[in-house]
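J.: Checked TrEMBL, it gives:
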DOMAIN    A:3-194  domain 'Electron transfer flavoprotein alpha/beta-subunit N-terminal'
BINDING   A:R207, A:S232, A:R233, A:G263, A:I264, A:S265, A:G266, A:A267, A:I268, A:Q269, A:H270, A:N284  FAD binding site
Amino acid sequence: MSVLIYIDHSDGQVKKSSMEALSYGVKIAEQIGAVAEGVLLGDVSTDLPSLGNFGIKKVYHIQNSLLQIFDAQSYTKVIAQVAQQTSAKIIIFSNNSAGKSLAPKVAVRMNAGYVSGAIALPETSNGFNVRKNVFSGKAFANVEVKTEIKVIALNVNAFSVSEGTGNAEVVSLNIDVEAPKVKVIGTNKTKGTVSLTEAETVVSAGRGLKGPENWKIIEDLASTLGAALACSRPVADAHWRPHNEHVGQTGIAIAPNLYIAIGISGAIQHLAGVNRSKVIVVINKDPEAPFFKAADYGIVGDAFEVVPKLTQAVKKVKGIA
Amino acid sequence: MKILVCISKTPDTTAKIAFTDNNTKFAETGVQWIINPYDEWYALVRAIELKEADPSITIHLINVGNADSDPIIRKALALGGDEAIRVNTQPADSYSTAFQIAEFARQEGYDLIFTGKETIDYNGGAVGAMLSEMLDLPYVGLATSFLLNGKTATITREIEGGEETVEVPLPVVVSCQKGVAEARIPNMRGIMAARTKPLKVVEPKQTETQTVFSGFNLPPAKAGVKLVSSENVEELVRLLHEEARVI
Ligand SMILES: Cc1cc2nc3c(=O)[nH]c(=O)nc-3n(C[C@H](O)[C@H](O)[C@H](O)COP(=O)(O)OP(=O)(O)OC[C@H]3O[C@@H](n4cnc5c(N)ncnc54)[C@H](O)[C@@H]3O)c2cc1C
């Protein structure tokens with residue numbers, strides 16, 4: 001019996017979200033008395049045996065030039081073959097962009113019950129129950145998985161990475177790889193900035209900023225903090241900011257350690273996507289703004305005065321200035 | 001060319017979230033129901049735009065649900081689409097929803113199946129991907145733009161840290177999010193036309209229960225905000241550094 005963890009990577013590096021998934025899968029294996037193993041498709045520059053640091057004993061490394069393109073259909077068939085050959089009972093993904101496409105397909109292929117967006121270790125004393133966010137973070141649900149094989153996609157930033165020392169055995173398996181139907185014709189990566197879903201700190205701004213030309217102070221604060229940028233929906237709708245920065249119930253849901261909301265009123269739909277943040281700081285000139293009710297720290301004041309001062313104060317603490 | 005758009009019924013985004021029956025069921029009393037925003041704003045509107053560009057396209061809408069879904073199905077038909085299908089069962093999870101849609105879609109043979117990226121109630125985000133696996137079709141998830149050129153689609157999708165544009169032959173299943181289209185409001189003509197569009201009710205196929213939502217609870221309330229004077233921004237940074245330890 002084994003717990004199989006899918007290890008995602010981009011630009012040759014294993015993603016932080018996959019390290020979370022590895023740590024989570026290893027804990028589940030301990031809990032149920034199984035071995036934890038990883039599966040990685042394609043080429044990486046990371047030293048694979050060092051993935052043993054997360055507690056896995058083996059990494060199944062499937063290399064084939066056909067895997068250079070991410071095609072959910074062909075990837076699913078590969079992962080399912082690995083799961084079958086290794087008798088995996090629980091298969092873990094990160095609930096990141098790749099995991100959201102792969103995990104449900106692998107579940108169907110393995111005839112496994114699926115839980116997306118898990119936020120805690122399963123409760124296994126009475127059945128197999130997984131806790132997840134529902135209603136866009138406004139509530140939690142327990143999902144009981146009834147099938148023998150189970151697939152879980154772990155929310156990003158929901159489980160801390162635990163790293164020790166270990167050596168994983170790298171194993172290659174004989175697996176059929178289908179030619180991908182999908183052909184990549186272009187990529188556009190936001191260079192040098194932190195990915196929004198994985199970011200530990202997010203600086204977000206709303207209509208209170210008045211116009212796209214005023215984002216410099218927001219960008220300065222974000223780069224000082226090493227934070228990712230986000231925005232409210234009307235800001236993205238008005239094309240002040242790209243749509244992939246739109247957070248909330250109908251945008252991207254995030255759970256950073258620190259969320260700084262500047263000139264955002266805190267509408268219920270906005271809160272829904274950000275209320276899993278560990279610490280929320282609100283800067284708003286209106287003391288009645290609903291966001292203060294959901295905040296841990298706040299400053300009532302004009303963003304145009306407060307934000308540059310905040311950037312300076314952060315630089316001082318970080319020893320940058 | 002036939003397009004299938006999957007439509008889900010969800011509570012309005014401002015609905016009070018509460019639970020009954022010993023916290024095992026969502027409290028539905030007084031709740032306003034809407035078409036899941038991702039399904040309506042992006043999946044459905046993009047299908048309608050494709051039909052506007054090529055009137056020979058047929059659009060079917062499908063919902064898995066009981067008769068309570070009919071009002072939101074009519075609303076969807078008021079935006080556009082030729083006919084709707086409701087599979088008459090309250091689905092238990094993403095799997096059973098995808099299963100019922102797959103059973104229907106297999107007989108019809110669609111060239112293109114659109115879903116929203118997730119529903120805003122149970123946040124499963126899995127129906128499209130599961131459906132594609134059941135039908136053995138390619139899947140492109142989290143699309144932010146969709147173009148059709150004959151028998152292939154050019155789709156931009158979200159990837160970790162950016163976007164990627166791919167080309168894929170039809171038939172394909174695509175999950176849609178912001179960027180794919182701009183939300184629309186139904187007009188009077190659409191509302192009138194929707195009344196006479198066919199809404200076909202089909203009975204569900206037998207399937208197994210894989211997962212059960214066994215209980216719900218609400219997050220603990222926040223302790224309350226600590227306000228810092230705008231004249232003393234350093235104090236906020238000190239608190240974030242020393243107390244909250246997030247800087
Ligand atoms: C179905 C549905 C789904 C939605 N989904 C989302 C979603 O996913 N995400 C989302 O964000 N919204 C969503 N919305 C919209 C949401 O209801 C709000 O309209 C939106 O979040 C408001 O954006 P905002 O806070 O930037 O703007 P506003 O509500 O206009 O607030 C601007 C704030 O800035 C403050 N301000 C103004 N000037 C200054 C200044 N100089 N310094 C400091 N503060 C200042 C004001 O006091 C005010 O609080 C959705 C709405 C609906 C109906």
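Using N, Cα and C of the backbone, Cβ positions are placed for all residues, glycine too.
No curator has checked TrEMBL annotations; they are predicted automatically.
Locate each feature and note its surroundings.
T.: The Cβ of A:H270 (FAD binding site) lies under 8 Å from the Cβ of A:G206, A:S232, A:R233, A:V247, A:G248, A:Q249, A:I264, A:F291, each of these being in the same chain and 6 or more residues away along the sequence.
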J.: Please give the maximum pairwise Cα distance, in Å and rounded to a whole number, for the FAD-binding set A:R207, A:S232, A:R233, A:G263, A:I264, A:S265, A:G266, A:A267, A:I268, A:Q269, A:H270, A:N284.
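T.: So the binding residues stretch over 18 Å, Cα to Cα.
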J.: Enumerate in sequence order the binding-site residues A:I264, A:G266, A:I268, A:H270 whose Cβ-atom distance to ligand 1 is under 6 angstroms.
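T.: With ligand 1 as the reference and 6 Å as the Cβ limit, the list reads A:I264, A:H270.
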J.: When neighbour density is defined as the number of other C-beta atoms within 10 angstroms of a residue's C-beta, which of the binding-site residues A:I264, A:I268 has the lowest density?
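T.: Each of the binding-site residues A:I264, A:I268 was scored by Cβ atoms within 10 Å; lowest is A:I268.
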J.: Sequence order please: the binding-site residues A:R207, A:I264, A:G266, A:I268, A:H270 that have their Cβ under 8 Å from a chain B Cβ, otherwise just none.
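T.: Cβ contacts with B, in sequence order: A:I268.
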J.: Which residue, out of the binding-site residues A:R207, A:R233, shows the minimum number of other Cβ atoms inside 10 Å of its Cβ in this structure?
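T.: Lowest Cβ count within 10 Å among the binding-site residues (A:R207, A:R233) is A:R207.
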J.: Around A:G266 (FAD binding site), how many other CB atoms lie within 10 A of its CB?
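T.: Step by step: centre on the Cβ of A:G266 (FAD binding site), count other Cβ atoms within 10 Å, giving 21.
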